[in-house]
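Chemist: Okay, handing you the structure first.
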Amino acid sequence: MSGKESTEISDPGLPQLPKKVESQPEAFVTDINGDRGEKAGYNGENQKVDGPAANYVDGQMHRTLKQRHMAMIALGGAIGTGLFVGSGSALSTGGPVGLWLGYIFMSSIVYSMMVALGEMASLFPVAGAFTHYAARFVDPALGFATGINYWYSYAITIPVEIVAAAIVISYWDADTNAAVYITVCLVLIFAVNLFGARVYGETEFWFSAIKVVTIVGLILLGIILMCGGGPNHDAIGFRYWRNPGPFAQMTINGGDGVIEGAWGQFLAFWNVFIQAAFSFLGTEIIATTLGEAENPRKTVPKAIKRVFFRLVFFYIMGIFVISVLVPYDNEDLLNGSGNAAASPFVIAIKNAGIKALPSIVNAVILVAAWSAGNSDLYAASRTFYALALERQMPKIFRKCTKKGLPIWSVVITGLFGFLAYLNQGGDSAVTAFNWLYNISAVTGVITWWGILLSYLRFYYGLKKQGLSREGFPYLAPLQPWLSWYGFIFLTLVMLFNGFPVFLKGNWDTSSFFVAYVSLLLFAICWIGWKVVKKTKVVPLDEIDFITGRRELDELEALDRERFATESKYQKFMSILF
C-alpha cells in the first residue's frame, strides 16, 4: 500500500490481522473483538517488543483450531452423560411418548437458538461471542451478566464431570478411594488446557469421534433389537408404548403421590421438557472457540448448518430408540449409579442377552465425562478472558502467553476443579456440592435466552438502520419468528423450571431456592453493573454494525487465499468436515 503503513504477518501459520490502520501508524486501534487494544509491537505496558510477538497484542489469542476441530466440537459437544445415562431418568419421568415429544420440542428450541447464534457468530467471529453480542446489541450490563452466568455455569460443572468420571470408574473398581481417580482426571484436564487450543481441539476431535461412532452404533443396535435381531430374538416393537403406557403420571411428595389423568400426564411431559433443556447444554460451546478458529467465516456456517441434522439424528433418533427399548417403570432407571448400569441402552442390551457391551458403553461414558470436564474448563476460561477484553474483569485475565493461551483465565477457572474433593468430605460437603451444581443447571438456559435476545436486537437494529442481511456469511432461516419462538419458550422454561414445588402438598424450600436462585444472581449482576457503571440499553438506531468489520473482511480475504482447497484429499476433508 503506497504511502500507507501496516504491520506484516510474520508467522504464516497464524492468520493474525494487521494491527496498524491506514493513516494511523502510531494510534491505538480497534481490534476484531471490538475492543481497544494496545499498539502493535508493544506489550501491555507499552514497552516495545521484537520478533513474532510484536504482531500480537496483550489479550490476543491465536487462530489455531482447524475446520475439522470445529466440525467435531460442534458435532459431539452435546453428546455426553446426559444422553447416555440421564435420558433414563427423563424416561421414568415422562414415559416413552412424553420423553420423545419433550426432546423433539426442545430440539426445535435449541435449533432456533443455534441458527441465531450462527448468523451473529459468522458475521462477528470474535472472542467471547454471546458475551460480546449481548454487550454490543443490547446493553453492556447484559454482557457482563451473561459472561458471569456462563463462566460460573461451566466452572462449577468441571468438578461435577470429574466426580462423574470417578463414579463411572467405580463400575470396574469400587475399592480404590475415588479421590485417586479425581486427582488423575483433574491433572489430565489441566494438562490439556494448559497446552492450548490446538491440543484441546485435537483431543476433542478424537473424543467427539468416539462419542459419535458410539451413539450411531447404539442407535443401529437399538433398531435391530426393536425388530428382534438380538440373541434372544425378542421383537420388542412398540410393546412398552402400550404397556406400561405412552405417558407417565406426575408424581409428588417424593413419589408417594400421583396426579392422575390428562393433567398429570401433561405435567410429566412438561417436566421432561425442562429436563431435556439441561441435556442439550453444550450445543452452544462452539461459540467459545471463535477467537481461536481458523477461517471462521467458513467453518462457523458449515458447523451451524449441520446442527439441524445433528439434533434430528443423535437426539430425536437416539431418544426414540430409548423410548421403545425399556419400560419407563424399570427399576434400573432409578438406581442413581451414574454409570453404565443406569443407561437405558445398557439395560436394553442386558435384556437382549448381550454380555460384552456394557463395559464398552461404560468406557465411552467415561470418555464423555472426561471430555465434558475438558470442554467445561476451555469454555469457562475463554468466557472469563472475554470479560477481561470487555474491561469487565481485571486486565491480568486478558494476558496471553506467546502461544496465545489466556493463562490466568485458565488458572483461576481451573481452581474450581478442586471442589470435586467435596464429594469425599462427608454428607454435609456432598450436600453443598450438589447445591452448587443444581444452582448452576439453569444458567445454561439463561445463556440461550440471552443469545436470542441479542439476536432479536441485532435483527431489529439492522432493520431500523436500513441495512440488509443479504450477503452475510450465514443467514438464519425464518427470522424473526423462529427467534421469537425460542425466546418465548425459554422464558417459560426459566420461570417454570421449579414448578413441582408449587403443586399441592409438594412445597420444598430447598428445591425452590435451587430452581430460582440463578435467576436472582443473573438479575443482580445485570442490575448491579448497570447501576455502578451507569450503562444504558443501546438504541436500535445506534447499534454498532461497523466496528471490526473491516478487519474481519481482511481476515476472510487472507483465509480464502491461505485455505484454498487444492488437493483431492483437502476437497474430501472439506466435504466431510
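We number each residue from 1, going along the chain as drawn.
Glycine is no exception: its Cβ is also placed from the backbone N, Cα and C atoms.
In case it helps, TrEMBL gives these features for our protein:
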type	residues	note
DOMAIN	69-537	domain 'Amino acid permease/ SLC12A'
REGION	1-45	region 'Disordered'
TRANSMEM	70-91	transmembrane segment
TRANSMEM	103-130	transmembrane segment
TRANSMEM	151-172	transmembrane segment
TRANSMEM	178-200	transmembrane segment
TRANSMEM	212-231	transmembrane segment
TRANSMEM	267-287	transmembrane segment
TRANSMEM	307-328	transmembrane segment
TRANSMEM	360-385	transmembrane segment
TRANSMEM	405-423	transmembrane segment
TRANSMEM	435-460	transmembrane segment
TRANSMEM	481-503	transmembrane segment
TRANSMEM	509-529	transmembrane segment
Chemist: The transmembrane segment (405-423) and the transmembrane segment (267-287): do they have three or more Cβ pairs under 8 Å, with pairs 6 or more apart in sequence?
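Modeler: Contact absent: fewer than 3 Cβ pairs fall under 8 Å.
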Chemist: With the transmembrane segment (360-385) as the reference, find which of 103-130, 178-200, 212-231, 405-423, 509-529 contributes the most Cβ pairs under 8 Å.
Modeler: 405-423
Chemist: Calculate the per-residue pLDDT averaged over the domain 'Amino acid permease/ SLC12A' (69-537) and state the result as an integer.
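Modeler: Mean pLDDT, the domain 'Amino acid permease/ SLC12A' (69-537): 84.
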